[in-house]
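Notes follow once the structure below has been shown.
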Amino acid sequence: MNSHIVYQVLDLVGTFVFAISGAVAARQRRLDLFGILSVAFVVACGGGIVRDVCIGATPPAALSDWRYLATSMLASAVTIAAYAKVRRLRFPVLFFDAVGLGLFAVSGAQKSLTYGHNAELAILLGTVSAVGGGVIRDMLLSRVPSILEREIYASAALLGALVFVVSAEVGAMSAWTPWVATAVCVGVRLLALYYGWRLPVYRGTKARREDARTRTNA
Amino acid sequence: MNSHIVYQVLDLVGTFVFAISGAVAARQRRLDLFGILSVAFVVACGGGIVRDVCIGATPPAALSDWRYLATSMLASAVTIAAYAKVRRLRFPVLFFDAVGLGLFAVSGAQKSLTYGHNAELAILLGTVSAVGGGVIRDMLLSRVPSILEREIYASAALLGALVFVVSAEVGAMSAWTPWVATAVCVGVRLLALYYGWRLPVYRGTKARREDARTRTNA
Amino acid sequence: MNSHIVYQVLDLVGTFVFAISGAVAARQRRLDLFGILSVAFVVACGGGIVRDVCIGATPPAALSDWRYLATSMLASAVTIAAYAKVRRLRFPVLFFDAVGLGLFAVSGAQKSLTYGHNAELAILLGTVSAVGGGVIRDMLLSRVPSILEREIYASAALLGALVFVVSAEVGAMSAWTPWVATAVCVGVRLLALYYGWRLPVYRGTKARREDARTRTNA
């Protein structure tokens, strides 16, 4: 299979999965039809648009390639039609969200490398592609982005992008690399969910008391 | 009249109108002089800046062409000087906001076509030009963007951009096209306001009960 | 000393200082290790990334030049290791924040001029470089950007960028210019803090009563 097509497919499946998560969030907020379509599209494509603007790939593919818009609209339609069912699928939604995370981390890193940029940029923009849409969604809905407060999420995306880019840099790239890197990200994310893994949070007792006092006085 | 000048005028009148709506919002929040100028400029020019970055028209015209900044400052000065009057004009503010929406939807779509991009991008970026400033304003002021919760607004902008771009694509463009497309957007927006039109909101009784439970537990 | 190196040093010192302020804010919110690193990086580099995208300098230096990421990580490590000490330094934090403001205003304006853009763009983007990271931080943490409500801050950055760009435009640029412009910004900011200077806020008695009524009814 042509490797260009592989990344296209990764990207469109990731778009579909993320658009569903966006549409569910928008429907829970009672947004109207247009609001649901908009939030689904932003969650699915926001990260990729930021990535494309940063690597100079204008206009962003998500805005000029009709397949991204069509995929988002299809996902919105599925969500609206089968909302009662989609809502109850707590585990599947988290599962697909993890899959989207891995797919976007890898396809984002790969696109950045394709444009001839260096490894650091590819790793950072792979991560941005994966988590950007969710951050924009949370900023739109006026809440602190869950990725900043939550379990291992952005760090799993970073790890997936890292595995992919390091493989590419050391010349160990094969037809398996994108799948392995995606699997690493998805696996770490799902294991973190299952076992409740967290990154260290720093709170010395003394500093915490002072912070509490600051907040009370503020 | 030179058609390039027509779009320039559309754009600057839209800038003036939107800057007034931004300055009023900033003054209601008791921001200082600099805050009023900043919010007015962001509301008036934010959508166009995002559009220009997406089509690769850097630096964005709103940042490098002094007329946009001057227009925003003039609108802020008018708002500050005549605040008591401007505030009471509920209908005129909504009217001018609708006019700005139509003007930006058309001038944004046209600029995207001028840069040689496809119809989908022109329609999406016309809409972004029209609603982008307002979305950024709401994100800055930490509230859910009203366009996501409100009556027909972004969808009117989309319709105006659609009429314009389809006319251009089928070769039906004439000196009247920009005005007709603007009028369609403004008309739909004003009729939606007057008659209270809304897009469908989906809420099955059962899913609603479940959402309510989720929110209570969250 | 090579003038290119001067601006590099300005930029990296500014990055370090702003990253500390971001890391302190993130730790106060109890974010985990990754959250602290992310917010520190965004505060330190967000303004510069927006500037680079607007002048077409893609990929943005902060994303592709490892020294920015390394500087942010170093600042985060220092903050985590010495948090109890850093927290108590109220005056030093405000002082370094003012220094970062001045450094970024000047290095941002200079980069825009280097890319051949006009004076207005250089002044606006110098200001954006200086305050952009803080605005993005506040949008991420779901609060109204303090620069919109606060004392003289963005206006000090604007003044520093203005002094620098006007000097360059009238041919009065010397080896001292960047330092003088930085000092103007830092000085105005610190004096405003010390004496409690504020820009005028407009509130006619009558309009205020009406605003209060509007808010109550809303």
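Quick reminder: no glycine exception, Cβ is built from N, Cα and C everywhere.
TrEMBL labels come from automatic prediction, so no person has curated them.
The annotation domain 'Glycine transporter' is assigned in TrEMBL to A:9-82 (among others). For the domain 'Glycine transporter' (A:9-82), the DSSP-based tally of helix, strand and coil residues reads 62 helix, 1 strand, 11 coil.
Residues or ranges marked as domain 'Glycine transporter' in TrEMBL: A:95-166 (among others).
Annotation comment: TrEMBL describes A:6-26 (among others) as transmembrane segment.
Listed by sequence, the residues of this chain that lie at least six past the ends of the transmembrane segment (A:33-50) yet keep a Cβ under 8 A from its Cβ atoms are 11, 14-16, 18-23, 25-27, 60-63, 68-69, 71-73, 75-76, 79-80, 104, 108, 128-137, 140. Taken from TrEMBL, the feature transmembrane segment covers A:33-50 (among others).
For the transmembrane segment (A:66-84), same-chain residues at least 6 beyond its ends with a Cβ under 8 Å from one of its own Cβ atoms are 12, 15-17, 19-20, 23-24, 27, 33, 36-37, 40-41, 44-45, 48. TrEMBL lists A:66-84 (among others) with the feature transmembrane segment.
Here TrEMBL flags A:91-109 (among others) as transmembrane segment.
Among the features that TrEMBL reports, transmembrane segment is placed at A:121-140 (among others).
Note on the transmembrane segment (A:152-173): residues 98, 101-102, 104-106, 108-110, 113, 119, 122-123, 126-127, 130-131, 146, 180-182, 184-186, 188-189, 192, 197-199 of its chain, located 6 or more positions outside it, place their CB under 8 angstroms from a CB of the stretch. As annotated by TrEMBL, transmembrane segment applies to A:152-173 (among others).
The feature transmembrane segment is assigned by TrEMBL to A:179-197 (among others).
Beyond its flanks by at least six residues, the transmembrane segment (A:179-197) meets 10, 94-95, 98-99, 101-103, 105-106, 130, 151-153, 156-157, 159-161, 163-164, 167 of its own chain at Cβ-Cβ distances under 8 Å. Model confidence over the domain 'Glycine transporter' (A:9-82) stands at 87, taken as the mean pLDDT rounded to a whole number. Listed by sequence, the residues of this chain that lie at least six past the ends of the transmembrane segment (A:6-26) yet keep a Cβ under 8 A from its Cβ atoms are 35-45, 48, 62, 67-68, 71-72, 74-76, 78-80, 83, 86-87, 93, 96-97, 99-100, 103-104, 106-107, 110-111, 133-134, 137, 141, 178, 182.
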